[in-house]
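**Student:** From TrEMBL, here are the annotated features:
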BINDING   Asn90, His95, Glu100  oxalate binding site
BINDING   His93, His95, Glu100, His146  Mn(2+) binding site
DISULFID  Cys14-Cys31  disulfide bond
DOMAIN    45-200  domain 'Cupin type-1'
Amino acid sequence: MAYGSDPGQLQDFCVAVPDASSAVFVNGKFCKNPNMVVADDFLRQGLNKAGNTSNQVGSVVTAVNVNQLPGLNTLGVSLARLDFAPYGINPPHTHPRATEALLLMEGTLYVGFVTSNPANATQKNKLFTKYLYPGDVFVFPQGLIHFQLNVGKTNAVGFAGFGSQNPGTITIANAVFGSDPKINPDVLAKAFRVEKNIIDYIQAQFN
């Protein structure tokens, strides 16, 4: 008995080219000559410093993936610091290439994720939510839409681990309403079951 599979994706896509000599990108990163590797290749400093949450959502994610820490290449892990202003939110989003484990260090978060479409069309996507307090860990399964909301009057801080060197992030509202070029409003009006003028208004918020 045998089992095989293709390697996991490390980026959004890696389009094949017929001529290898014209290839520039790989599924991930090229490897540094081992003889040239130094200790600093495995070091990233600064996660003790709070991120700037002065933005529309009141939160910021400081990522440490292969793009910030080259030594993570091929190791299948990465992490991030999450900072929240009072009532700040990390809006609904997904990580297409990784499961996330979130450890809350300070504050109180309301977190949750939604399951994928059920096989039975009469059932609905199920929501799992919890309130997190310092020391709590919550897991968001790979690819599922999830969110975090600071429900406290003070700042909140968490650290997340991911099962990929480059987990990727798709923020749902940004992707749907703020893409370039924009998705045809008729498509979104039908999908969200609202009038087209509502879609026009929402898309204008993402200009």
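Yeah, the Cβs are placed from backbone N, Cα and C, and that goes for glycine too.
Structural setting of the listed features?
**Tutor:** Around the Cβ of Glu100 (oxalate binding site), 24 further Cβ atoms fall within 10 Å across all displayed protein chains.
Non-local contacts of His146 (Mn(2+) binding site) by the CB criterion (under 8 A, 6+ apart in sequence, same chain) comprise Pro92, His93, Thr94, Glu100, Val111, Gly112, Phe113, Val114, Phe140.
Shown in sequence order, Asn73, Thr74 are the residues of the chain, 6+ apart in sequence, with a C-beta less than 8 angstroms from the C-beta of Cys31 (disulfide bond).
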**Student:** Sorry to bug you, but what's the C-alpha spacing from Asn90 (oxalate binding site) to Cys14 (disulfide bond), rounded to the closest Å?
**Tutor:** 29
**Student:** For Cys14 (disulfide bond), what is the tally of other C-beta atoms lying within 10 angstroms of its C-beta?
**Tutor:** 13
**Student:** Work through the binding-site residues one by one (His93, His95) and point out the residue whose CB has the fewest other CB atoms within 10 angstroms.
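**Tutor:** Minimum Cβ neighbour count within 10 Å, taken over the binding-site residues His93, His95, occurs at His93.
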**Student:** Name them in sequence order: residues not among Asn90, His95, Glu100 whose Cβ is within 8 Å of the mean position of the Cβ atoms defining the oxalate site.
**Tutor:** Val61, Ala80, His93, Thr94, Leu102, Phe140, His146, Gln148, Ala160, Phe162, Pro167, Thr169
